[in-house]
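Input: a single structure, listed below in C-alpha cells.
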Amino acid sequence: MFGKPGLEKSAEIPLKPKRLTWSNISKCYGYLMKKATWPMAKRVIKAAVAYWLAYVIDLIVPVMQAIGSGTFLAIVMVCYFQPSRTFGSLFESAAWGIIAAFIATVWSLIAITISNALREPGQMFDISATIVHVSFLAIGTFVLSYDKIKWPPMRYGAINACIIMTFSLTQSYVHPDNKFQIIKSLLIPMLIGPACSLLVNILLWPENATTNYIPYLHETLQSFMDLLDQEAHFFLRDTYNRNTIAKLHRTVQDNLANLDNAKREAQHEVSFSKIGPEDILEITRLVKSMHMTLGGLALSGVIEEELMKDGEEGTVEIRINGDDTDQTSFSVDEPLSPTSTIGTIGNEEDFSNLLKIFRPICTELSVACQLCLADCIARVDHLQHNCCEPWYYRSWPFKHKPRADHNKNVLDDPFGYLQEAIAKFHDSREEALDSLFGETQTISPSPQRLFLLLILFENSLREVSESLGFLVGIIKVLSTTRQSKKFWFPEIPILKRIRNFGEIDEDGWKIYEHKSREEEEEELGNEVFDPDVTPPSNSIQKFWYHLWLIRNWFDSKYAVFAFKNTLIVTCLCLPAFLPGSYKWFDTYRGQWAVVSAVLSFAPTTGGAVLQFLGRLLGVGMGAVMAIIAWEMTKGNVYGLASVLFIFSLLLWFVYLNSKVWTVGGIIMLVNFPLVLANAYQASYGVGMNDDIYTIAAKRTTAVSIGITAAFVMNMIPWPHTGRVEVRHRLSRTITDIGVLYSMTVSSLIKGNKNSNNLITTKTFRKLVARINRSIAIERLLLSRTVYEPPLRGNYPMEKYARMIEIVEHMVNLVSGMEYTLHGLNETEWRADLEEALDPSKCHYITHILTAFHILSTALENRIPLPPYNIISTATKNGQYGLGYRVSRRIKKTASELTRDDLETPAYACYCAYLIKTSHLTNELFKLVSVVKSLVGVNRYVKELIDF
C-alpha cells in the first residue's frame, strides 16, 4: 500500500574535504549568490559605514594630533560593537563596554599613582614600581577574563578594559609624567567606536529585538508548511523522498531554537513595533504547541521508513500466535526488530479500505492547513511595517508606486476557513465509517503496525489543525488591530541578562557547557550522594567542605581560562618593565601583541589548528591589502577613505557569511586599517616614523606573536579536541534520555496522583530543550572534526553521525510519548498501558533504563560493554525479545476493531503510544550496535554469550 522510494544517505555532516573543481567553484558561486540577499546587504552596509566613519575620524589631522595615535582603537571597537545587531543588544554591549572602560581607567590610575609614589624622583626603573604594575595588570586581567567567559553580555566590555589596562600600565611605566594624556588617548577612542556603531544603527535601517523576531517567525511557519506538505505527500501519495522530511524536521527544530532566542531577547529590550513582549510570548507558546503536534507527522514518516527498510531486508519479527497468554517462538540468533512487518496476521483488505477513507480527507485537511499557514505568513510580514507611509517617503519624487497586493492576505477569514475544513473532515470521516461498518461489525487490518502508523498520522494531522486554529486567531487579531508602531518597554530587568546559562562564545559559535552532576540532580529534585563522604554535619566539616568547593572552582573551565589569559598578558607585557627591552617594546608598539592575544584567546573545542592558521592568514592578508590600498592612493586622504570603504564591504561580507573564516576575518578587519592608520599617522609625525612596508612588517609581527602565544597557551596542557567532546556529550545525552523516559513511564504509572505533576511537566520540557540544544552542539562539533588532523588514527565520523541521528529520534519519540499521555487521562486505554508496562509484572522498563545507563557509562569511560544482552530477557518461562510484550499489545489493539474504537480519541492516543514505544525499542537496538562497534565487548565473556 505504501511506496518504497529510494533512501539516500544524509549529507548533513561532511565526511571529508572536497577537491577544488569547476563544479565546486560553481556551487560556491551559487552559495554566494544565495547569501547576497537584501537583508544581508543591509547588515554589510551598516557595518562598513560605521567602520568607515571611525576611520575617517582618525584621518582628521587636528583630532589625530589632539588625541594621539590611539585614535585607531575606535576602529577596533567597531569590529566588536557591530552595528548590524539589534539596537537593544548593541546598546547593552556598549553600556557594559563603557562601564568596563571607566573601571579599567580607575584601576590603572590607582596602580600608576601607587607606582609613582614608590619611585625616587628622576628614577626610571624601580623593582617596587614594577611589582605594582605587574600585580595590578595580573589581577585586573584575571577578573576581566573570568567575566568575559562567565557572562557573555560583558565579553566586549572585558576586551575594552583589557586593552586600556595593557596600554596604560605599560606606557605609563616608561612615561610616568604623561599618565593623563595616555589615559585620554585610550578612553576617548573607546567611546568613539561604540558611538559610531550606535549612530549608524539608529540612522540606517534601525532594528530591535521585535523586528528581529518576525523574520524568525516567518521562517518557522514556512518550515511548518513545508514539513506538512512533504509529509502529507509522502505518506499518502508515495511521491516524495523520506530524507527531505528528515532535513525539514531538523530545520524546524533549528528555527524553533532561533525563535526562542529572539523571544528571549525581546523580553529585555525596548522596541518600536506593532507587537510587544507579551504578544511575542503568546505567539511563541502557540508555535511550540503546534510543533508538538506536528512532530507526530514527522515521526510517522520516520517510523514508516523503518518499516519499509525492515521489509526490504527481510528482518524477522517476533511472531505472535494465539491470544495474549501464548508464548513466542524465535531463535535468539535471529535479528529482532519490533517494527518489522513480516509475519503479521489480519485482513489486508480492511487496511486497504481504511487507507481509502483516510487518504482523501487527510489530503484535503492538509491543504487547508497549508493555506492557513500561508495566510499567517503574509499577516506576519505585515506586522513589520506601518500601514501608512512615513512623512519623508511622501515627498520623495522617485518612490515606487504602491502595489495592489501590499496588504492583501491569502484568506479573508482564515479562522472560519479552517473551522469549515475541520468540520468537513469529521463529516467525511463519519460517512466513510458508516459505509465501512455497514456490512461488518469489526475489522482486523493488517499489517498491524502500518495500521497503528496510519492512526498516528491521522490523529496528528487532526491535532495540528486544531492547534493551528489558535495561532491563526491571534495573528489575525494582531494584524487587524495593530495598525501602527509604538514603543514597548520590557518587564524583565536588564540586569537579569548577565545570568549565565552555561553559554560560552567560541569565536561566534555558541557552545553550552553541561551542568554539574549536583546541579542536574538538584534541578530534577533528586538527592545527591557522594560515595567518598557523608554530608557535612558540624561547623568544622562545613568549613573544609567550602574549602573543597573553592578547590573545585579552580578546576572549572572559567577559572582555568582566566588563569591562562592572565599568564599570556603578563608574560607578553614583561618586556615593557625591563631595562633592556622597554625601548624596542615601546617603539614597536608591543602592546598590539598583547591585544591580539586577548582578542584571539578564547575557549576552543576542536579546530584549534585551523583557527590559528586562519588568524595568521588574516593578519597577512590584512597587511597586503593595506599596502595595496596605500600604493593605490599614495596616502591621499580622500583616496584612503574611498578605498577603505570599498575593501570593507568585501571584508564584512566574508566575515558575516563564513563561519569557518570568522576568526581570520576579524583579525583581517583589525590589521588592515591598523597598518593604514599607522602609515597615515607617520606621514604627519604621529607615532613611528617609518615607511608603509616597515610599518606593515612591525604590525604583522606583533599581531602574529600574540596569536601564536594564544595558540600555544590553548594547547597547554593538551588541546580540547572536538572528537572527545562529542563522545562525552553523547554520553550525557544518553543519560538524559534515560531520565526523560523514566519521567514518562512514571507519569504513566502514577497518573495524576502526584500533586507536583505541573512541576514535573515543566521540568520535562526544560530537559527536552536542553537535550535538543546539546544535540545541535554535537552536530556542530562533529562537523568541525574534519579540520582536526588524524594523528593517532582515522576518526569514525560515520558512526558518531549515526549515533547523533539515533539519539535525536529517541528524544522525539520520548517527548511524543509524554505528549500522547495527555490524551489518555482517566480512560481504560491508559489503564491497559499501565497494566502492560507495570514493573511488578515485567522487566521491560527496567531493561530499557539499564540499557541507557550501561551505554552511557561505556561511552563515557571507553570501557567494553558488560555481559548484558539487551535484545532479550530471561524469565522462568524462557527467553523473550525485548519488544515481545509491546508486540502482543499491538496485535491485540489491531484485532477486531469496532467503530467505537476508531471514533474514540483515546484509542488514537493509545495506538500512537504503542507505535512510539515499539520504535523506541528498535532505536535502542541500533544504538547498542553502534556503541558496541566503538567500545567492543568484554573479551572474557565474548565467547560465552552472543551479545
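For all residues, glycine too, the Cβ spot is worked out from N, Cα and C.
What TrEMBL records for 41-120 (among others) is domain 'Putative ER transporter 6TM N-terminal'. Counting residues of the domain 'Putative ER transporter 6TM N-terminal' (41-120) by DSSP class, helix then strand then coil, yields 70 helix, 0 strand, 10 coil.
Per TrEMBL, domain 'Putative ER transporter 6TM N-terminal' is recorded for 122-306 (among others). Across all of the domain 'Putative ER transporter 6TM N-terminal' (122-306), the predicted model scores a mean pLDDT of 80.
According to TrEMBL, the domain 'Integral membrane bound transporter' annotation covers 582-713. According to DSSP, the secondary structure content of the domain 'Integral membrane bound transporter' (582-713) in residues is 107 helix, 0 strand, 25 coil.
TrEMBL lists 717-936 with the feature domain 'DUF2421'.
Annotation source TrEMBL lists transmembrane segment at 52-81 (among others). Under 8 Å from some Cβ of the transmembrane segment (52-81) lie the Cβ atoms of residues 90, 93-94, 97, 156, 159-160, 163, 167, 181, 184-186, 188-190, 192-194, 196-197, 199-200, 595, 637, 640-641, 644-645, 648, 666, 669-670, 673-674, 676-678, 680-681, 684, 686-687, all in the same chain and six or more residues away from its ends.
The list of residues near the transmembrane segment (93-118) in space but at least 6 beyond its ends in sequence, with Cβ under 8 angstroms from a Cβ of it, reads 77, 81, 85, 126, 128-129, 132-133, 136-137, 140, 144, 153-158, 160-162, 164-165, 168-169, 172-173, 176, 179, 183, 186-187, 190-191, 194, 197-198. The feature transmembrane segment is assigned by TrEMBL to 93-118 (among others).
Residues 100, 104, 107-108, 110-111, 114-116, 118, 158, 161-162, 165-166, 169-170, 173-174, 562-563, 565-566, 569-570, 573-574, 577, 579 of the same chain lie 6+ residues outside the transmembrane segment (124-144) yet bring a C-beta within less than 8 angstroms of a C-beta in it. Among the features that TrEMBL reports, transmembrane segment is placed at 124-144 (among others).
According to TrEMBL, the feature transmembrane segment maps to 156-174 (among others). Through the fold, the transmembrane segment (156-174) approaches residues 70, 73, 76-77, 80-81, 93, 96-101, 103-105, 107-108, 111-112, 115, 124, 129-130, 133, 136-137, 140-141, 144-145, 147-148, 182-183, 186-187, 190, 569, 573, 576-577, 582, 585-586, 590-591, 594-595, 598-599 of its own chain, all at least 6 residues removed from its boundaries and within a Cβ separation under 8 Å.
For 186-205 (among others), the entry in TrEMBL reads transmembrane segment. With a cut-off of 8 Å between Cβ atoms, the residues of this chain six or more beyond the transmembrane segment (186-205) that come close are 42, 45-46, 49-50, 53-54, 57, 67, 70-78, 81-85, 87, 90-91, 93-94, 97-98, 101-102, 105, 160, 163-164, 167-168.
If you look up TrEMBL, you'll see 558-578 (among others) marked as transmembrane segment. Beyond the ends of the transmembrane segment (558-578), by six or more residues, the same chain brings 125, 130, 133-134, 137-138, 141-143, 145-146, 148-150, 162, 166, 169-170, 173-174, 584-586, 590-591, 593-594, 597-598, 601, 603, 705-706, 709-710, 713-714, 716 to within a C-beta distance below 8 angstroms of the stretch.
If you look up TrEMBL, you'll see 608-630 (among others) marked as transmembrane segment.
Under the heading transmembrane segment, TrEMBL lists 637-655 (among others).
The transmembrane segment annotation in TrEMBL covers 661-680 (among others).
Per TrEMBL, the feature transmembrane segment maps to 701-719 (among others).
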Field: Leading stretch by Cβ pairs under 8 Å, where the reference is the transmembrane segment (637-655) and the options are 608-630, 661-680, 701-719
entry: 661-680
Message: Let me spell it out: take the transmembrane segment (608-630), skip the flanking residues so only those 6+ beyond its ends count, and list any with a Cβ under 8 Å from a Cβ in it.
response: 507, 600, 640, 643-644, 647, 660-661, 663-676, 679, 692-693, 696-697, 699-700, 703-704, 707-708, 711, 714-715, 719-720, 787-789
